[in-house]
Amino acid sequence: MDSVAFEDVAVNFTQEEWALLGPSQKSLYRNVMQETIRNLDCIEMKWEDQNIGDQCQNAKRNLRSHTCEIKDDSQCGETFGQIPDSIVNKNTPRVNPCDSGECGEVVLGHSSLNCNIRVDTGHKSCEHQEYGEKPYTHKQRGKAISHQHSFQTHERPPTGKKPFDCKECAKTFSSLGNLRRHMAAHHGDGPYKCKLCGKAFVWPSLFHLHERTHTGEKPYECKQCSKAFPFYSSYLRHERIHTGEKAYECKQCSKAFPDYSTYLRHERTHTGEKPYKCTQCGKAFSCYYYTRLHERTHTGEQPYACKQCGKTFYHHTSFRRHMIRHTGDGPHKCKICGKGFDCPSSVRNHETTHTGEKPYECKQCGKVLSHSSSFRSHMITHTGDGPQKCKICGKAFGCPSLFQRHERTHTGEKPYQCKQCGKAFSLAGSLRRHEATHTGVKPYKCQCGKAFSDLSSFQNHETTHTGEKPYECKECGKAFSCFKYLSQHKRTHTVEKPYECKTCRKAFSHFSNLKVHERIHSGEKPYECKECGKAFSWLTCLLRHERIHTGEKPYECLQCGKAFTRSRFLRGHEKTHTGEKLYECKECGKALSSLRSLHRHKRTHWKDTL
């Protein structure tokens, strides 16, 4: 049998890591060790250089002393073990304790795995002999250890250093065994594979923990505030919020932290160390988690999907915030409408929808924004100093995903296809809005009862109630409820028409107008009435047509209550109340309230000429 090194199978826990293990994980560790000792008692094996009898007795004593919980007064907290059944059944472990009060380090592992194992069928029971010489002494503790490999492992100082680096993602590990198990996740060759995302795991316990990211299971509940968590380590970190415990203090600035990983991340703010690099663009990060999030901007991976509206997210925190929008049950409540949010800043941002406050104003175009982050992203479009620059039009973007979306306006690429009808879209959001026409799901409901399939349409609709038009054209003073409409209107002044039809060379100020125009040449009519089968080139025409069947008249006059199928008809009607007459006949100077009335009036002049 080939020899197996200790590092091949060891799982090393620092004191901090051991403290984060759940009761079930510690119980699993204890059960594995007990099963190992039972195997040692009965199997017919002997070791080349060690006698198994004393090892059995030593392991039993050590297990009773050290595997239940870490004692602050007798252990430094580093354990070596957590050996899976498959390895336990093949190799008999050796357990070396360090009993000194200074160290108390537990060396629970397969120290004899460097030796070859022989099965001797001639022996019916374990032989019991005294241990031989213990030539290896720990430099710091002065403890004698009988096996060289145990000494080498024990000698490693518990400084939290992780000398084994993953070449694929730069994550570091304290042992070679941990690194190899991590590499299995990259190569997808672990025996436990997630059916939802395909991620592979070597350990069933890690696989079950991962499954909770999909199922949403949260078995650990805080007794003080009832908040639940999917992982025991997350639960312990949360408990420290209540206790105020911050055991890890920065030596440079004295700032304290509740957990070791946060402390390490903070230390890098002083050293400037950024050990984790993006393999695609080379950008460096101080934390591996941030590297993973960043890499998704290149791959487009969005593993968290909302079941209500289909929106997807790069990371779980954004997904959680989004879900609160649907449920409205966040811990921080709006004083005006009672809606709940996940954090105080979100409440403040929401309250601006009631007050209309938009403190961030762009001095170049007059656009006002509610949030500083939106303002910074917007300014990049003017300054052109964003890291992502379009080679065709020179427009700059601060975010790779926004840049990729913009590129599609030039290439015409439509990577998002509807599975039901095959229609393709350039944006994932456009696909979600389209899919709602099939499913009929409209999760965003207005107080007036009208529902919408997407948030932007809902927000635009809300301005029809408030009458708010914060976006004003500096050329003519015309105001708009949405910045998009102002941008489109501005092009009527500048005559900027960057989008040209390849068939007739007609130019348009907006890309969507070009796409609609192209249907004149292609004859495409993608919008079909379900009642009568009549097809239309534009969605607005279909919606207007459907009102013939439904009898719906959504535009109502506030003064007399008369309703109309189209907003244009309502505007014309309202002039009968105000007396406003904008349309003047050039023949006789008569003023009329609507264009239709003007055309009818002109016919009276034509009759006179005839």
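Using the three backbone atoms N, Cα and C, a Cβ is placed for every residue, glycine included.
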Report summary line: Swiss-Prot feature zinc finger, matched against 103-125, 471-493, maps to 471-493
**Report entry** the zinc finger (248-270) - residue tally per DSSP class, helix then strand then coil
**Finding:** 11 helix, 4 strand, 8 coil
Query raised in the report: Over the zinc finger (164-186), what is the model's mean pLDDT?
Result: 70
Query - Stretch among 220-242, 444-465, 471-493 sharing the most Cβ pairs under 8 Å with the zinc finger (304-326) - result: 444-465
